[in-house]
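Visitor: Dumping the structure here so I can ask a few things about it.
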Amino acid sequence: MSDFKGKTVLITGGAKGIGKAIALEFVRQKANIIITYKQTKVEDVQDVLEEFRDINHEVKTEAYQVDVSRKDETEGCIQSILEKFNTIDILVNNAGINEDSLLMLMNEERWDSVIKTNLYGTYYMTHNVLPTMIENRQGVIINISSVSGIYGTAGQANYGAAKAGILLFSSALSKEVAGKNIRVNAVAPGFIETDMTKALTEEFCKKKLKEIPMKRFGKAEEIAKVVIFLASNDASYISGQTIVVDGGLT
């Protein structure tokens with residue numbers, strides 16, 4: 001596996017769940033880590049940063065409170081990061097929310113909030129980071145989508161639309177920037193043990209476990225390992241792809 005020592009990695013939604021697991025893996029690989037968060041308590045975020053430093057006290061760590069669905073906040077965030085770190089070598093667009101509801105009961109606010117955070121957030125962060133990567137003629141962008149963007153799930157028309165959009169966004173962008181030595185890939189997790197899946201009913205979980213050939217939910221660390229691989233030089237000829245991590249569900 002390639003050494004990420006000295007590389008600067010930005011992970012949105014990196015204070016918990018899959019995002020935190022990804023950040024921890026990069027810290028172990030000696031990368032400088034920047035995470036964004038929206039609603040996590042400040043003291044909890046500081047605990048996360050301290051956890052990073054406990055693993056490797058030599059790496060630089062920073063956290064920014066950002067609503068990725070807001071253009072102005074993402075622009076300000078990237079500007080601040082570049083002023084302090086000078087560059088962003090790897091961007092992991094992980095921040096996401098769900099607001100599940102049957103479409104006939106879904107109001108416009110629920111639709112918009114999911115589309116704006118998941119899809120617009122990916123666009124805003126990428127759009128702001130790209131100029132630096134193009135100038136450096138190197139970079140890696142990894143977008144966290146979902147199996148819900150591959151096959152429809154009742155009650156997730158908004159979430160599925162956003163996550164499907166991320167997949168084609170990644171594919172299209174990869175073709176635009178390949179000549180600049182920038183790789184773009186997506187990861188589509190299945191059901192992973194996070195706060196989001198903890199909110200699911202026991203009945204729903206039992207039903208889903210029967211559908212998953214491996215008969216278990218995945219772990220955030222398993223997603224992190226895939227992201228590390230895609231960001232490494234071991235994946236230097238992989239771009240425009242979606243890696244599905246779902247225990248055989250799809």
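Note that Cβ sites are derived from N, Cα and C of the backbone, with glycine treated the same way.
Pasting the relevant annotations from TrEMBL:
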- 7-192: domain 'Ketoreductase' (DOMAIN)
- THR40, ASN94, TYR159, GLY160, ALA161, ALA162, LYS163, ILE192: NADP(+) binding site (BINDING)
- TYR159: active site, proton acceptor (ACT_SITE)
Visitor: Can you check which residues sit near ALA161 (NADP(+) binding site), meaning Cβ under 8 Å from its Cβ, same chain, 6 or more apart in sequence, and list them in order?
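Guide: Set apart from ALA161 (NADP(+) binding site) by at least 6 residues yet with Cβ under 8 Å, we have ILE115, LEU119.
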Visitor: Over the residue list THR40, ASN94, TYR159, GLY160, ALA161, ALA162, LYS163, ILE192, recorded for NADP(+), what is the maximum interresidue Cα distance in Å?
Guide: 26
Visitor: Quick one: average pLDDT across the domain 'Ketoreductase' (7-192), no decimals.
Guide: 97
